[in-house]
Amino acid sequence: MVDVNKFESMQIGLASPDKIRSWSYGEVKKPETINYRTLKPEKDGLFDERIFGPTKDWECACGKYKRIRYKGVVCDRCGVEVTRSKVRRERMGHIELAAPVTHIWYFKGIPSRMGLVLDMSPRALEEIIYFASYVVLDPGNTPLEKKQLLSERDYRDKLLEYGSDAFKAEMGAEAIKKLLMSVDLDKEVTELKEELKEATGQKRTRAVRRLDILEAFVMSGNRPEWMVMDAIPVIPPDLRPMVQLEGGRFATSDLNDLYRRVINRNSRLKRLLDLNAPGIIVQNEKRMLQEAVDALIDNGRRGRPVAGPGNRPLKSLSHMLKGKQGRFRQNLLGKRVDYSGRSVIDVGPSLKFNQMGLPVPMALELFRPFIMKELVARGLASNIKNAKRQIDREDDDVFNVLEDVIKEHPVLLNRAPTLHRLGIQAFEPVLVSGKAMRLHPLACEAYNADFDGDQMAIHVPLSDEAQAEARLLMLAAHHILAPASGKPVVAPSQDMVIGNYYLTMEEANREGEGMIFTDLDEATLAYRNGIVHWHTRVGVQVTSMPDKPFTDEQRSKIMVTTVGKLIFNNILPKSFPYLNEPTSTNLNGYVPDKYFLEPGEDIHDYLQNAEIIPPFKKGFLSDIIAAVYQQYKVTATSELLDRIKDLGYNESTKSGLTVGMVDVTDLKEKPEIIAAAHKQVSTVTKQFRRGLITDHERYERVIGIWNDAKDEIQNALIHSFDQQNPIFMMSDSGARGNISNFTQLAGMRGLMAAPSGDIMELPITSNFREGLTVMEMFISTHGARKGMTDTALKTANSGYLTRRLVDVAQDVIIREKDCGTDRGLKIRAITDGNEMIEPLYDRILGRYTQKTVYDPQTGDVIVPKNQMIVEDTAQQIVDAGVEEVTIRSAFTCNTEHGVCEHCYGRNMATGDEVEVGEAVGTVAAQSIGEPGTQLTMRNFHTGGVAGNEDITQGLPRVQELFESRNPKGKAEITEVTGTVESIEENPAERTKEITIKGEADTRSYTLPITARMRVSEGDFIHRGGALNYGSVDPKELLRVRDVLSTETYILGEVQRVYRMQGVAISDKHVEIMVRQMLRKVRIMDPGDTDVLPGTLMDIQDFRRANYQTLIDGGIAATARPVILGITKAALETNSFLSAASFQETTRVLTDAAIRGKNDPLVGLKENVIIGKIIPAGTGMPDYRQIKPKEVGGTSTEGVYSISDLEKQMQEDSQA
């Protein structure tokens, strides 16, 4: 076998008949497979051992030579070479065809490659190939033309007219082969280039396409006649196996049936030719042979597919590659691995953050080789075989060894669906009883796991390098921040939140209020003796906390806090600010002076006037974690997380929080609010009946009335809730539920959606505490079912979006430190009217500046050029009132096949600068795809009042943007910069005419009368600006403006969708995706370069071609940028392996073979496919060259590799 790590690139091409024969180890002559009595392969059949190799290791077919010592001997009785049976997976055979056949991919694909080379229509080709018409090969001196089609009758007439020697016409693949052999590629190319100079329209397009294919043949060295085959390769038998089922029947791969049909028809054709059978019979047999080969290569591509038993179409060679179950996606991009297990997960509240609980039976199986090695090393077993027996017997020694073996040996846990890279993390195993794996409660968020029966898979990293990577890069402690936004992903939830919320609550007049303690210990003692409560407000001497960052003045005073807050602050790092209120001021290190008693001030008087401080909610806990991570990094944060978890669980238990019917309080004002709403509705109905308003307006108003009523009830509810109400506490703390849940429990359910998706006018005025009427219950069921189906559809849509995103960006890797670009991206906050979508702070944090940022008031430098903006400087920029910052961006990066460190900025998952080798493309795709399921699926109607455009939102809008489709509810854009001269309505045609006067010319645009205008008369508008509300088509924007404007527009629009749903994604992820959509240009005028007009080309390749031409003194080519949707962009990649494994496999491979494409293996997918280590992370060439330094002599005795152990086990068992 070839060592995959030795080659740099992989090429594909057309196989010539000689090549096919050179691959083959022998000709398959008979359709037989296996003898049903002896179960041995038949001679000359599809499983022949002489051709494909022995079925048993080191043993010939007849059994004369057995054992490895005869390696390489060819048996003189049966003719089988003694070797490993594995060769039956790699040795090919072939079938010599009695008549040539065409390859269906090249004749039937779109466009038909054969048709383009011969300049014939696919229909004409089909008639020739399937023996319906003759084609003139050589007209001689008759008036016929070469390549002219003749029907049977015409042919006979012409023979009578001109005689049989005057011209030559044939049919079938032979005729096509002769035509293809007669094509003079160089001459055709020259003629076409001449033709291109004059041709226009349809003719030009056809010429460009023909020239493209012909040049591909010239460049690749493929011959056109190789599209017709004289011999067919037979794939190795172990790739099309035949296995015996119980009851003596056989299950076989469909390919064997397809090969059998070919061999049968081929043998029959040979016999007919030998017998000199009549032409029509031979012709029919040749046609059947052609159809059999078509079915073998791509069943169902032409005509009806060949079916097997039960009318199921047979799977041909093409189907073996295509789709999710095909070779690419099923076996090459994702494989099943050994040393793995799967089990139900259970909660492990006592685990440390880096640990997981591993059931003993799983541990014994997963770590078996390590245990065996250790048993032998300690002398507890004499050899590997004995060690194996001990494990099977579960001896006591085994468990002692197991403890030591799993210590310091991380394992990987994965939960499907793995939507982002946090779906696989490393943990240190701890042995637990039972059969369920234990998962740390804080790891649930990243995995999106719960314990209602979820299962997880476990994998053991075997080699030292793999263990080191798992420990240093993948340990759960390194996954505290989400790669999508840089916000903590391991925030406490549910019980942990409610526990800390309860602990930090304040209550007035609790027992022991106003007591003053020296330190925490004294306060705890008082609590244990029942003198104070967690919620009691007390004083404490600041001197008891010397490490906390108080001001000098504060240190001499007494601080007012609660006992619970003292406990809470005790778990924070020693030098972290004392948290007394849930504000960012306090978090940033400053405890407000109002919490300190002035000298001589009485604490009881102070407390009379002091307001109650709200407790710490989920969001604030998250902020604390982020702040600790920023200051103290990984270790301190993971320790803090465990402490928050333990404290939360303890205190939530002590709080005794329960929920009962009593906690759902009735609302006194509800009947009045509902009565008022009914009254308004009847008024509106009256107006409609009198014809004052339209039905649509009535509907809109009724919906509005009920929504207002529901909001009023909701607000009244919030105010009526007692702060100590358990339901309110759950919602307020962020532990579970939100206000709308409680409105439905205690207020009213409100309006429901009908099956059509429209909102029904009948509101549900009851709540769940009162109970619903039968009618209300029935109305509710629509919404409930719709919710379920929407979720299911959304998951599929979102998963497919992620797959396309990953495919388009998988080769984007950080490849260098600095690309040295001189361009940058000007950014400001993204707003929608007065609504803030994404603030400037979020957009500039962790990015490099392209230009120096100055303070607009003082002119001082805030951040110099080419420096990263960190939290402090970002805040300074915002505080100084800077509105626009020019930053380095992926949009303007010059790095090929990736981005540089400076254009990318900070790695969101670590908070540090990104490193060379980081697979930022994949991370970006996951970050955008993972929240896809949280986006809505709805296309909102903005209701006739506001104009009739539909705004697509949620997931469909994201897809629309990334696929650069024509948007729904499109906005017209102006092509000139100038002033809006007039807006005239034309009621007759129901249109508006907008006239814009530019500097050079005046343009008019026609819009429907219902369009809501963004501009009014006298407004100044830049070209590319939208005239009405709606979505701009990026393709138009690119035509009118430039690449950067288009990129910026898509970025803003994608962010708008996600931020509206409350999902924070860093700009850089979207930038990487959008950049991939705009990396191609279409050649307009080739100048003196070799490129063809109209072809798509990578921007980098285009620059290179132009650079070379200019150096040689030629005229450069001109091109215009094109925007491709992500699907198209993924298929247009330079890697044919990546494209073929994505979609349209046959089309991609057909095209790649004709062009003799070379895959440079720069992306991740193509390397995974061929089994090479991926060129990202530690697989980057720079890291692979590092050699370990020898320190002292090391003994390699007694060191086993896993494969050594497996070999030893095999040999022991054979012995």
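Yeah, the Cβs are placed from backbone N, Cα and C, and that goes for glycine too.
The Zn(2+) 1 binding site annotation in Swiss-Prot covers Cys60, Cys62, Cys75, Cys78. Summarising the annotation, Swiss-Prot assigns Mg(2+) binding site to Asp450, Asp452, Asp454 and lists sequence analysis as the type of evidence. If you look up Swiss-Prot, you'll see Cys819, Cys893, Cys900, Cys903 marked as Zn(2+) 2 binding site, on the strength of sequence analysis.
For Cys60 (Zn(2+) 1 binding site), the nearest of the binding-site residues by C-alpha distance turns out to be Asp454; the candidates were Asp450, Asp452, Asp454, Cys819, Cys893. The least crowded of the binding-site residues Asp450, Asp452, judged by other CB atoms within 10 A of its own CB, is Asp452. Each residue contributes its Cα atom, and for Cys893 (Zn(2+) 2 binding site) and Cys78 (Zn(2+) 1 binding site) these two points are 65 Å apart.
A Cα-Cα distance of 66 Å separates Cys819 (Zn(2+) 2 binding site) from Cys62 (Zn(2+) 1 binding site). DSSP gives Cys900 (Zn(2+) 2 binding site) a strand state. With the fewest other C-beta atoms within 10 Å around its C-beta, Cys62 stands out among the binding-site residues Cys62, Cys75, Cys78, Cys893, Cys903. Apart from Asp450, Asp452, Asp454, the Mg(2+) site neighbourhood in this chain, defined by C-beta within 8 angstroms of the site C-beta centre, holds Ile345, Ala449, Phe451, Gly453.
Across the structure, Cys78 (Zn(2+) 1 binding site) and Asp452 (Mg(2+) binding site) place their CA atoms 61 angstrom apart. Here the CA atom of Cys903 (Zn(2+) 2 binding site) lies 38 Å from the CA atom of Asp450 (Mg(2+) binding site). The sparsest Cβ neighbourhood within 10 Å, among the listed binding-site residues (Cys60, Cys819, Cys900), is found at Cys819. Note on proximity: of the binding-site residues Cys62, Cys75, Asp452, Asp454, the one nearest Cys903 (Zn(2+) 2 binding site) is Asp454, by Cα distance.
When Cβ atoms from all protein chains are considered, those within 10 Å of Asp454 (Mg(2+) binding site) total 16, not counting its own. The shortest Cα-Cα distance between Asp454 (Mg(2+) binding site) and any of the binding-site residues Cys62, Cys75, Cys900 is the one to Cys900.
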